[in-house]
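> Structure provided below as structure tokens; questions to follow.
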Amino acid sequence: MDDSTLQTPPTQSALRTLTPPSSSSSSQLNLSAEAASKHIDRLLNSSYHTGPSRTIYSDRFIPSRSGSNFALFDLVSPKASSTAEGREDTSSAYATLLRAALFGPETSGGVAFPATPDKRSTPSRNIFRYKSETRRSMHSLLPFGFDEAVQGVNHGPVKAPRKVPRSPYKVLDAPALQDDFYLNLVDWSSHNVLAVGLGNCVYLWNACSSKVTKLCDLGMDDSVCSVGWAQRGTHLAVGTSNGKVQIWDASRCKRVRTMEGHRLRVGALAWSSSLLSSGGRDKTIFQRDIRAQDDFVSKLSGHKSEVCGLKWSYDNRELASGGNDNRLFVWNQHSIQPVLKYCEHTAAVKAIAWSPHLHGLLASGGGTADRCIRFWNTTTNSHLSCMDTGSQVCNLVWSKNVNELVSTHGYSQNQIIVWRYPTMSKLATLTGHTYRVLYLAISPDGQTIVTGAGDETLRFWNVFPSPKSQNTDSEIGASFLGRTTIR
């Protein structure tokens, strides 16, 4: 029995029994040690009873463990301890996992770790420990992360969904911005300059200073059908309704050269270093090297109707083209026939975007009769998934900072949707345009998009986070509030 446990003081007769009288004989005083020990044990271990009128007091509660549910606390009953000595307890498992986390697996490099003392010799279990009856994973006992051991399990706190502003931070009036699905009249350069085709003129808007510059005027007999910045951001290609492609030096506001080849309007442009691709209403695609004297170096044939979408992959190895024939083609740098053909769309394919995060991942969107965004793996030539958006898909652009993309729409909702890939869950739906959102471009920092529509407005939205922090506002969007005219 525990030394601190108090019993009711023994009676005087008992005390006298334990204290030999002085007059006792020497034989009675010299009791054997064995007899005295047995006598004391009998007194301590016997069920001592007092009179019914006497109350027993104690300063400590000792629970009766005969009815305890040891299994609930993952403990071994004292009666069963002899049969459960081989069972590894929680403390031993924790120590093993802790050593593995700190020093690596015990078998790695032949390093032997000091053994943990056997805890069974000194019981240290706490019966009042908080514990669920559901057995936890052994890896949850680790003092720090062990996610690599449990694939797909995240022990960190769940992040709240990112908030996307529902209103544009700036609106520009853009008179004569055409409401034509097959044109591409807005592009944003790497030098933070926005090019917009309005009627027969091209205007430049500097996002840093809000300065507007008129770059060119094609005259009454021609009009702008497409604009596209070179990757370095100093030269701008302009496709015209007469089938010509003009190259302009934006820093000097000077035309560098004019290239021919198309018989009808040029509605799509795409740059790959010094190579410029142009797609026209004459169903053809021309590859033009601006360093060469010839107007084009190759002609790509395959579409059966107007080419309205062109995009080079980020590694400049593949060109994706979409047409009014509901076809999506993929070309390589040297092919004159498409190397991949996708025919699943049921309407014109203008919206095309390559993922900057995964090589060969291509997104495309169909027109009014299709309304779907489809994803393709051009490396394996496979169709990955399809999302019905409910309205005409006019444009797609992928964020370079996070694995998200934006789509703009026409009939019948005229909305802008921010998607999280690959779940394709909607982060935000933005509205404000009263006509189809036919034009889309993204800022060089990857945080801001500009949208254009037949309502003759350009709207600027902060939709993506910065590369370093998802809470940092765009440097562009914070400075220019209000509504102005681009010309």
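Cβ atoms are placed via backbone N, Cα and C, with glycine included.
These came from TrEMBL, pasted as-is:
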type     : residues : note
COMPBIAS : 1-12     : compositional bias 'Polar residues'
REGION   : 1-32     : region 'Disordered'
COMPBIAS : 13-32    : compositional bias 'Low complexity'
DOMAIN   : 172-461  : domain 'CDC20/Fizzy WD40'
REPEAT   : 217-258  : repeat 'WD'
REPEAT   : 300-332  : repeat 'WD'
REPEAT   : 430-463  : repeat 'WD'
> Same-chain Cβ contacts of the repeat 'WD' (430-463) under 8 Å, 6 or more residues past its ends?
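Residues 164-181, 183-192, 194, 196, 207, 233, 392, 394-397, 399-401, 406, 408-411, 413-418, 473-477, 480, 486.
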> DSSP on the repeat 'WD' (300-332): how many residues come out helix, how many strand, how many coil?
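Each residue of the repeat 'WD' (300-332) counted once, the result is 0 helix, 18 strand, 15 coil.
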> Per-residue pLDDT averaged over the repeat 'WD' (300-332) comes to what?
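In the predicted model, the repeat 'WD' (300-332) has a mean pLDDT of 97.
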> So, by DSSP, how many helix, strand and coil residues make up the repeat 'WD' (217-258)?
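Secondary-structure composition of the repeat 'WD' (217-258): 0 helix, 23 strand, 19 coil.
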